[in-house]
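Working notes, beginning with the structure itself.
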Amino acid sequence: MLGLDPGSHHTGYAVVEPGSRPNDFRLLAAGTIHAPAKKPLNTRLLAIFEKLTQIIGRTSPVEMAVEGIFTYKNARTALILGHARGVALLASSLSGLEVFEYTPTSVKKALVGNGRATKEQVRAMTIQILGKPLDLGLDATDALALAITHLNTRKINAMLERCK
């Protein structure tokens, strides 16, 4: 499972697989893709695409959880973020990944219990869930939160299906 927090300058990623017990996860890879600073948007997007394609090829996830589109006050920011998301969706589609979208509020609520949690609170909870310290930036931690949220959602949905 690849969690992805797209951005035009910094894109966080985390590849996680479920463990054998509930709320047990194994972190396979995580980090931040840093697009070249002060370069045109198309150059930054190409760098994100190429690095993300390498990560997918190296780690072989079959699903991707990504932040869904939400409202921004600044239309230009929303448009640029949309480009970064588009590049991520293209890389995942070319690699055959199934894509799932989650709003930032739903991830925060699922992980921390509060849809208005800060990035630092999300980071603290991911560290607690994994049970070990992490040397990751906030973008990578957000991607990890997306992956954990998706894996937990998938487990819950599977349990509900069995109860039918």
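Cβ atoms are placed via backbone N, Cα and C, with glycine included.
Copied over from TrEMBL:
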- D5: active site (ACT_SITE)
- E67: active site (ACT_SITE)
- D139: active site (ACT_SITE)
- D5, D139: Mg(2+) 1 binding site (BINDING)
- E67: Mg(2+) 2 binding site (BINDING)
Position of peak Cβ density within 10 Å, selected from the active-site residues D5, E67, D139: D5
Query: How big is the gap, in Å, between the Cα of E67 (active site) and that of D139 (active site), rounded to a whole number?
result: 12
Alpha-carbon spacing, D139 (active site) to D5 (active site), which is rounded to whole Å: 6
